[in-house]
C-alpha cells in the first residue's frame, strides 16, 4: 500500500471520531457496573455542571435498571446492539369517512359549437327500393297523350230514329277520355287525332253509319245489300278542340239497316289516338 495506506486509515478514524464523539463518551449499563466493580472512578460533576453538560452535549445518563431510549446510538462494534421493533402503520377505514350522495346539480349552459369536421367517405350503394304506386292523373289540359280502342259484341238494327252506337268492350282507354256509357270520345287535349271504324255487314241487309263530330256528320261507312257479309272500315284524321265529341251513329230505319256481331267474337271496333297536340310548336 505504501505510504498512502496509513494516511487513509487515519482519515477514516478522524471522521468516525468526529461523527460519533458524543456517543463514544457514553457507557452502556453493563460496562458501567463493571467499571464500578473494577474500581474505575470517573470524576463527578456537581448538579449545575451536570445540567449544563447535558444541555451542551445533549447526553442522557440512564439510571440503574432503566432501559435506554429508542433513539440512543451504539457503535457497530458494541456487543448486544438492540434490535428496534417495527412500528405498524395505522390503517384508516375509508368507507367510514365517505358521506352520503349529494343532490344532482343544475345542468350547465351549452358550450360553443366546434368546428365542422371533414366530409366522410362515401358509403356503399343501398339496395333498390320497391316500385311505387301509380300517381294521380295530372291536369288533362297539360296531358299530351290520348288514346282509346273499344268494341261491341252485340248486333244492332236500325229503327225509326238515329242511334248512338254503344260499345261494351274496352281495350284501351287512356285517362278515361272515352265514355263507355254515352259511347262518345271527349277531347281534353286539343290537337290532331286519327280515328278508325271497323264493322261487319249483315247479309241481305244494308249497313249505314256516320262518324260524328259533335252534331256534324264527318264521314260515312256504307255497304250495299249483298248475299254475303263482309268487313267494312273507315278511317280519318280530325283537328279537335277542347270539349269536342267524336262518336258513331247508326242511320235511321228507312231500309233494312244493321251491323252484325255475336257474344263470342268482337266484330265492331272504334279506335282513336292523338297524333300531335296543339300545344306543341
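Note that the numbers count up from 1, one per residue, in the order the chain is shown.
For all residues, glycine too, the Cβ spot is worked out from N, Cα and C.
Computed from a predicted structure; not experimentally measured.
Annotation source TrEMBL lists signal peptide at 1-25.
As annotated by TrEMBL, region 'Disordered' applies to 27-69 (among others).
Positions annotated as compositional bias 'Acidic residues' by TrEMBL: 33-43.
The compositional bias 'Basic and acidic residues' feature in TrEMBL is assigned to 44-57.
Marked as region 'Disordered' by TrEMBL: 112-138 (among others).
The domain 'C1q' feature in TrEMBL is assigned to 141-281. Taken together, the residues in the domain 'C1q' (141-281) have a mean pLDDT of 89 on the 0 to 100 scale.
Remark: secondary structure over the region 'Disordered' (112-138) totals 0 helix, 0 strand, 27 coil, with classes taken from DSSP.
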